[in-house]
Structure formats: C-alpha cells, structure tokens
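Below: one structure, written as structure tokens.
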Amino acid sequence: MIGLIIVFMIVPNIFSRTDVVSRKQYENYLENDEVTEAEVVQNQEVPTGAVLFTLKDGTEGRIYVSDVEQAQDELDQYNVTYELRNVSHDSNLLTVALPIIVGILLVVVLFSMMGRSAGGSANARMMDFGKSRAQMTRDSKIRFSDVAGMAEEKEDLEEIVDFLRNPAKYTKLGARIPKGIILVGQPGTGKTLLAKAVAGEAGVPFFSISGSDFVEMFVGVGASRVRDLFAEAKKNAPCIIFIDEIDAVGRRRGTGMGGGHDEREQTLNQLLVEMDGFGVNEGIIVMAATNRVDILDPAILRPGRFDRKVMVSLPDIRGREAILRVHARNKALGDDVNLKQIAQTTAGFSGADLENLMNEAAIRAAREGHSYMSQEDIKESFIKVGIGTEKKSHVISEKEKRITAYHETGHAILFHVLPDMDPVYTISVIPTGPGAAGYTMPQPENDNMFSTRGRMMQQITVDLGGRAAEEIIFDDITTGASQDIKQATNTARAMVTKYGMSSRLGLVNYGEDSEEVFIGRDWGHTKSYSENVASAIDEEVKEIIENCHAQARRLIEEHRYVLDTCAQRLMEKEKLNRVEFEAIFAEEAEVKAGDR
C-alpha cells in the first residue's frame, strides 16, 4: 500500500510546475521582450501542444496552443530561443489516467482493511441494528430503604417482590404473578427509582430501556428489538423488564397519518403480542413508567398486559421530610439545619426537586468555603431552584427598579391580606432572567388536594396585583405584567369551561383537552359548542378578570402605607424576607391607631 502511495505522488506530469497564462498575457510578455527561453511541446498524432516559457525574473509559465507551427513562428518573430519536444499522445493519456487508476486502487484497499478491522461483515453489523438496546443489571444496589415518601406505592410493589422470591406461596392458591405494572406520575416523582428498588429487593436481573429506543426511521427495526428484548429476558428469567417513558411507543394507534403500517404502530403491536405470549411460569414482569397515561393505547392497559397501575404522586410533608433525610445522608449538615421546616416550605416539590435542592445547597456551601451546609444555604438554594439564579450583576436604572418595587409589593400585599393565599417568603427586585425584573415568592404551608372557587378568584386577584399597583402609582403601565395576565386569564377560563364555576353557563364542561394534539385523531376535531356560547365564555372570563382587578386595586389602596414603605425598603435593600415584610403591616396598624 505504501508503494502505491509513492507511485501516486511521483507520477510524472510535465505541466505541474508551471502556471497557465492567458493568450493576451503571453503576447504582452513577447512584446515586452520578457521571455528569455521556451520549450515547445508537440503531440505527435495531432497539431496541438503547449509552450513552456521562462521570464527574465525566473518565473515559469505555459500556454496551450492549437497549432504548434504557428507558435514556433511567433517565437522566431520575437527572436526567442526554444527547443522542440515531441510527446506521444498515448503517454499523455497514461499520464492522466494513471493517477485515477491509483486512486481507485487506494479506495479499494482502504475499504478492504476497514472491513477486516471491524471483525465482521457488513451483513453482521446490519443484523445488530435490530438487536435490543436494553441494559441488563444483575445486582441492583438500590433497595426500598433508598426510596422515601412512598409508603403506599412500596406496599403495592412489595407483593411483586415477595411473589418473585416465593412463587409457590401464591401459585398454590391459584394466583398468578401480574404480567405488567405501570407506574403513573408526574416527572421527578421517583418512578424509575421504584422500579430499580423492586429489582434490587427481588435480586433478579433488571432490563432497562427507554420507549424511544425501540423506534427508528426504518420500519421493522422496533419490532425486531422488542422480540430480541423478550428473547433475552426469557434466557434470564425470572427478571424484570422496565420500559421508561412508554408513551413514546405505546401511544394510541390510529393517531398518525401512516395508518397501521408505520414503525411505531408495528413496534406497539409486537409489544402487545410479546406481553400476551409468555407463560405464567416464565417469571418475566414488565414494568413501565409514564406521565401521560391518558394517551396510551387502551389495549396496552387492559388486564393481562398491565394488570396493576401504581399512581406515584407528589410527596406530602412527611414524605418530603423523609426524602430530605435520605438525601442528607452523605452531606455535612450544620446544627441549624431543620429538615422539618424545609419540608414545610417545599409543598409541591417532587423527589427530584428535593434532591436538586439539597445538591444546590451543598454546592453553595462549598463555593462559600463553608465546612458544613447551613440553613441559610438551603434557603438561598430554595430561591434558586424555585425562581432561578439571581442576576445580581445586572445594572438596572433607578426608574425601572422603582417600578419593579411597586409591582412586586402589589403582589405581596395581596398574598398577605387574602385569607386563602400562602404567606410571603421573599420579595426581591433582583432580576432572575429575561422579562423577570424581580419576584415575589410565597411560602406554601399546606398540601392542597384540590382548589376552590374562592381560592382561584383570590389567585387571579394576586396575579393582577402588580398591574394594579402600577396603575395606582404611575401614569403609565409596563409589559412586566404580561405573564401575570396570561396566568390569570388561563385560570379564569378554566373556571368557566372546565370546572363549571360560572352561574351563567351552568354545570357544563366546555373545555378542550389541548395538551396533546395528534394528527389523525384530532384532525377533524371541532368545537362542541356554538359561537354564541363561545362569546358568552369570553364575556364571563372578562367579567371575572375585571372583578378581580377591581378588588386588587381596592385592597392595595387600603394598604397604601405598606405599598409605599415596602417599595422604598426594596429600593434600599433589594430583598425583604417574611419577617421584614410583615413588620411593615405592624407599622401600618400603629400608624392607623395613632391617627384615630
């Protein structure tokens, strides 16, 4: 091979060292007496050729000619000394063709060597394309003790573990092991962790794969991977197959323009067949996780495939405290850290959120050079996780800071005075991102299973508090309330169309589930109500917004002292906590008492 490369590099080419010039430039050289010598190259079979010449400064050049005799006469005319050299046409053809032939040989040799180094043929590699991408773990280190805040969920799954350990205990009574368990819950609630804990407790092999790993652009690949996955599982039974985000492959059939022949539907069909195909004693349990159970195909949810549905919900206060203790095991905590208090202030946090909170607090403590993690580190990280990183280096004008201070104070006043709202945790005029010049962060004190009409009306009022404060203080309004208005509008529309909270429209659900739109299923979907009803909905939503806005202005004007004082202190300190904010209300009460 090295010899071929050398031959390729030294192939003779008589024109490789010179530059081609135009006819006009060549004539200029001759007229200006710049050409010192020349060589006329003539093809033997045809009258064409080339003139290779040297200038006075040593520069070489060439020009192709159609008539060699005419080129000689031209050189004689200008008294240029030249030599005539005949070149065979065949040798020129060989000169041109040889590099091409050598190049082709090089490509062939390189591909041959690559094929041998791959250790197999292209056909073998193509066969691997249909192999399952599932990862098998024989000894999972995760146990139920590592999963906190899920007492009921673990209880459901402990039966599966016991069945895998002691199958005779159940089979003698005629019970069969559930073929499938689907874990349903919001992102970050611990569905995957639960599945790993089941495998770890049972001590059986654990196959894990994502639903998106089945589907490829080539039709038939997904079905082939499903067959290969279950074939491997049967070899390692008893075992657990865990399919994360099963909605990627298990969506309702007939919702795409490809009909029943597209890749995803073929993959789903094969999965349904495999789940029905293995026998009772094979010991294969399929576990799956999703946060969109509403879009799954009904066939995959029926008994016989996924027999058991486990709802994994957000942890309550006791669950959050237990989760915090798990994530605090390997962290150096200060004496002032109160995990119970942290659990109280993190209502609505998932297990992943809590883990992220503790990790951010540890990072902050290390960045500040602390030897342990303090309660203050956790509080600051709580703001970072909940709101975002504060952009303390951003420079904003005094005018914008003043507008932001009044805007955020408007929200904070309504959080404080409305009975169903959570108390204020922090008020800040430090930007946290584009369009967010400040924030007012409440401190949830209870885990709410549902909301009421009164609470939703109060939430809309709080949302409009920033705009109301701007209207009271300034002659103009800003774009800072855009997200607040959007959130208030969505809440008001849900009250009217989804929850039946409008006396004018009655107990009728006019809502449309627009969270997920599939081409096919919703292609021809139309509104289920008339234009008159749509107009009435808009009017009702507008009325709710206007009433809440009026209430927001009235309440803020009643607490004008708090509005002005809090805004002024925010201008000075940039951030106020709950104690500092509530102290301003105490000051207002003293002022009003003195005026009497």
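Backbone N, Cα and C atoms are what each Cβ position is placed from, and that goes for glycine too.
These features come from TrEMBL:
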- 93-115: transmembrane segment (TRANSMEM)
- 177-316: domain 'AAA+ ATPase' (DOMAIN)
- Gly185, Gln186, Pro187, Gly188, Thr189, Gly190, Lys191, Thr192: ATP binding site (BINDING)
- Glu408: active site (ACT_SITE)
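Overlay of TrEMBL annotations on the structure.
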{"residue": "Gly185", "record": "ATP binding site", "Cβ within 10 Å": "22"}
{"residue": "Gln186", "record": "ATP binding site", "Cβ within 10 Å": "12"}
{"residue": "Pro187", "record": "ATP binding site", "Cβ within 10 Å": "11"}
{"residue": "Gly188", "record": "ATP binding site", "Cβ within 10 Å": "17"}
{"residue": "Thr189", "record": "ATP binding site", "Cβ within 10 Å": "25"}
{"residue": "Gly190", "record": "ATP binding site", "Cβ within 10 Å": "25"}
{"residue": "Lys191", "record": "ATP binding site", "Cβ within 10 Å": "26"}
{"residue": "Thr192", "record": "ATP binding site", "Cβ within 10 Å": "17"}
{"residue": "Glu408", "record": "active site", "Cβ within 10 Å": "28"}
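Between Gly190 (ATP binding site) and the residue listed as 'active site', the C-alpha separation comes to 35 Å.
Across the structure, Pro187 (ATP binding site) and the residue listed as 'active site' place their CA atoms 30 angstrom apart. In this structure, Glu408 (active site) is part of a helix by DSSP. Other than Gly185, Gln186, Pro187, Gly188, Thr189, Gly190, Lys191, Thr192, the residues of this chain whose Cβ falls within 8 Å of the Cβ centroid of the ATP site are, in sequence order, Leu183, Ala289, Asn291, Val312, Ser350, Gly351, Ala352. Over the domain 'AAA+ ATPase' (177-316), the average per-residue pLDDT in this prediction is 81.
Distance from the CA of Thr192 (ATP binding site) to the CA of Glu408 (active site) is 39 Å.
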